[in-house]
Amino acid sequence: MSTIQAPERLKPVGTPPPSLYADRQKVYPKAVKGPVRRVKWAVLILCLALYYLVPWLRWDRGPGAPDQAVLVDITNGRLFFFFIEIWPQEVYFLTGLLVLGAIGLFVATSLFGRVWCGFACPQTVWTDLFMGVERLVQGDRNERMRLDKQPWTLEKLRKKSLTHGAWLLIAAATGGAWIMYFNDAPTVTVELLTGEASRDVYFFFGLFTATTYVLAGWAREQVCTYMCPWPRFQAAMLDENSLVVTYRDWRGEPRGKAKADGIGDCVDCQACVNVCPTGIDIRDGQQLECIGCGLCIDACDDIMTRLDRPTGLIAFETLSNLAASTAATKALPPSRARCATGMEVRRMPRFIRPRTILYAGMLAGVVAIMLGAWLLRQTVTLSVLRDRAPLFVTLSDGGVRNGYTLKIANKDRDVGTYALVLDSRTPLLMQVQEAHGDRPMVTTRPDGITQWRVLLTQPPGTPTRASIPVTFRLVDGRGRTVVSESSIFLGPEAR
Ligand code: SF4
Ligand code: SF4
């Protein structure tokens with residue numbers, strides 16, 4: 001009897017599919033010194049100083065106005081940024097700023113690769129800070145690895161508690177600073193500490209404290225690898241002329257510790273891997289996990305210096321230079337390829353190319369639009385709401401009346417006084433609540449919206465039309481129309 005053999009690769013029925021989940025391999029980045037690390041420290045200090053100190057900057061806007069330089073005043077619907085005050089109707093300025101930020105990021109990425117991720121992204125900055133604290137308390141890579149492996153002792157408990165305590169303090173300071181951007185900083189600090197702050201304040205303080213602690217203390221590189229969308233689409237902005245962190249394999253390979261002819265400069269010491277905050281090996285080529293922090297450059301340069309070899313085995317380099325150097329080195333006999341820095345192609349990165357011109361053009365366009373919108377921004381605006389129920393009223397003498405609500409927004413800090421003028425081809429009588437005369441005067445309160453009730457009446461005996469266009473104008477003391485708004489006057493069908 002013949003039996004049918006199942007192909008070897010077919011799994012027996014009922015075998016569960018392979019798991020898509022893999023446990024996180026904890027990364028223990030080693031401390032490193034060097035120019036890139038120094039730049040990273042400088043950026044870190046600058047970013048943290050800006051974040052924590054900006055809410056404490058004061059800016060005098062006159063009596064009755066908040067004196068915090070940067071404040072999102074949700075209660076009164078205002079955003080203050082030094083001399084700039086943005087109203088809710090002007091939220092497009094914020095949208096413009098976000099678009100500007102996004103395009104700026106496109107430009108930076110196309111020129112310098114993941115410079116944002118590696119140096120200035122809040123996740124990178126706070127993770128770096130948390131790692132610094134961890135290193136200070138628990139020691140460098142090897143000591144931390146040993147500590148994690150050893151059973152729980154009083155010493156381990158002390159070190160871990162100290163680390164997490166410090167992390168929580170930093171996280172609380174971060175959550176607290178966030179709240180200050182939405183409230184007066186000195187007031188909300190006192191309220192937070194004395195238990196008198198609102199529930200909303202405590203909620204957001206808790207939320208931002210918790211997210212900082214979890215993201216920078218626990219999740220770390222997983223945020224960049226799994227949660228952040230940026231690495232996914234930043235590849236579309238990079239090309240062979242973008243500066244990225246690269247391992248010059250034409251010079252390093254074949255790697256090996258032996259001092260033999262034909263062996264490359266990489267001595268396979270793993271220093272670049274050990275300092276990497278995402279735990280990857282840059283020698284495997286460009287990877288999504290690489291945030292472009294450049295710490296592996298410092299680590300490798302240090303090794304090369306100790307071995308008395310040229311630095312730059314790992315470097316900020318364009319892929320086109322890398323390919324050209326590889327091609328030039330391949331042409332050499334193996335003995336020279338070992339340290340063929342002489343064959344290195346050092347072309348200046350092409351900063352001006354279609355991609356960067358396009359991004360720069362977009363950037364300039366958005367800046368111009370925003371600047372134009374800001375310069376043409378009206379400090380007084382008028383909106384006219386016509387009564388809808390009833391659409392018109394027929395008076396006992398046969399006249400027809402329409403009612404309107406005029407809302408005048410005054411973005412200045414001074415009271416405004418204007419004459420209200422009506423333009424209409426058909427004669428209409430205008431009555432303004434609490435104001436009299438042909439050109440009734442209306443006043444507007446500073447930094448606020450003033451509402452005026454206006455009645456327009458068509459006298460009896462005047463030929464009527466279903467709809468008459470009208471325009472309301474605010475005229476200042478010098479006779480200039482400050483703002484105008486059109487509406488219609490409705491009446492019964494023509495009679
Ligand atoms: S490979 Fe180098 S540049 Fe990339 S994340 Fe690791 S240390 Fe930073
Ligand atoms: S640090 Fe430099 S020499 Fe050491 S493994 Fe990395 S690339 Fe090779």
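Cβ atoms are placed via backbone N, Cα and C, with glycine included.
TrEMBL: automatically predicted annotations, no manual curation.
Residues 68-71, 118-120, 122, 125, 128-129, 173-174, 177, 180-181, 185-186, 293-295 of the same chain, all 6+ positions outside the transmembrane segment (39-57), place their C-beta atoms under 8 angstroms from a C-beta of that stretch. Per TrEMBL, the feature transmembrane segment maps to 39-57 (among others).
Feature annotation from TrEMBL assigns transmembrane segment to 91-112 (among others). Distant neighbours of the transmembrane segment (91-112): 79, 234, 237-239, 242-243, 316, 349, 351, 355-356, 359-360, 362-363, 366-367, 369-370, 373-374; these residues of the same chain sit at least 6 beyond its ends, with a Cβ under 8 Å from one of its Cβ atoms.
Residues annotated as transmembrane segment in TrEMBL: 162-181 (among others).
Residues or ranges marked as transmembrane segment by TrEMBL: 201-219 (among others).
Note: the domain '4Fe-4S ferredoxin-type' (256-285) comprises 8 helix, 0 strand, 22 coil (DSSP; helix = H, G, I, strand = E, B). What TrEMBL records for 256-285 is domain '4Fe-4S ferredoxin-type'.
If you look at the transmembrane segment (356-376), the same-chain residues 6 or more away from its ends with a CB under 8 A from one of its CBs are 92-93, 96-97, 99-100, 103-104, 106-107, 110-111, 237. Among the features that TrEMBL reports, transmembrane segment is placed at 356-376 (among others).
A mean pLDDT of 90 is what the model gives for the domain '4Fe-4S ferredoxin-type' (256-285). Using a Cβ-Cβ cut-off under 8 Å and counting only residues 6 or more beyond its ends in the same chain, the transmembrane segment (201-219) has close neighbours at 123, 126-127, 129-130, 164, 167-168, 170-172, 174-176, 178-179, 182-183, 188, 191-192, 227.
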